[in-house]
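First up is the structure itself, then whatever we jot down about it.
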Amino acid sequence: MSDNEKFNDALWREKLTPEQYRICREKGTERPFTGEYWQEFRPGRYHCRCCGELLFDADTKFDAGCGWPSFYTPATKTAVREQLDTSHGMYRTEVLCRRCDCHLGHVFTDGPEPTGLRYCINSASIVLDSEQVSFTPSTL
């Protein structure tokens with residue numbers, strides 16, 4: 001059973017703010033230039049807001065000018081999973097937490113070297129490692 005299946009909708013709503021729930025569980029998107037981390041460049045690691053899984057290292061974060069936190073690679077090859085997103089009449093690659101299926105954002109092929117990728121991530125879906133997460137891995 002995946003971690004996502006262990007929690008029902010009521011528990012996710014209890015543990016997340018309404019905005020976090022809309023983005024993480026309903027695949028929403030925060031408005032550009034409004035998220036907590038779009039201009040954050042402290043060292044550290046970014047974890048999944050829902051389950052605490054390590055997702056991105058701050059040293060791979062860059063200013064893409066798009067208004068969302070952007071990274072050129074995940075922390076590990078297995079941190080995230082990708083799937084086709086055809087919502088809103090577009091073809092995009094959605095990025096989700098591999099552990100709990102939290103919607104993180106999208107990945108695009110207009111990023112910097114060394115990968116050429118831009119993981120465009122909602123601030124509401126992540127937390128910097130020095131901050132509290134809604135669920136810690138031990139509670140899943």
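Just so it is clear, glycine is given a Cβ too, placed from its N, Cα and C backbone atoms.
The following features are taken from Swiss-Prot:
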ACT_SITE  CYS120  active site, nucleophile
BINDING   CYS48, CYS51, CYS97, CYS100  Zn(2+) binding site
DOMAIN    9-131  domain 'MsrB'
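The residue listed as 'active site, nucleophile' and CYS100 (Zn(2+) binding site) are 19 Å apart (CA-CA, integer value). In the three-state DSSP classification, CYS120 (active site, nucleophile) falls within a strand. All chains included, 23 other C-beta atoms sit within 10 angstroms of the C-beta of CYS100 (Zn(2+) binding site).
Mean predicted confidence for the domain 'MsrB' (9-131): the pLDDT average there is 95. Mapped onto DSSP classes, the domain 'MsrB' (9-131) shows 23 helix, 37 strand, 63 coil.
Between the alpha carbons (Cα) of CYS51 (Zn(2+) binding site) and the residue listed as 'active site, nucleophile' lies a span of roughly 19 Å. In this structure the C-alpha atoms belonging to CYS97 (Zn(2+) binding site) and CYS120 (active site, nucleophile) are separated by 13 Å. CYS120 (active site, nucleophile) and CYS48 (Zn(2+) binding site) are 14 Å apart (CA-CA, integer value).
Every protein chain considered, the tally of other Cβ atoms within 10 Å of the Cβ of CYS120 (active site, nucleophile) stands at 23.
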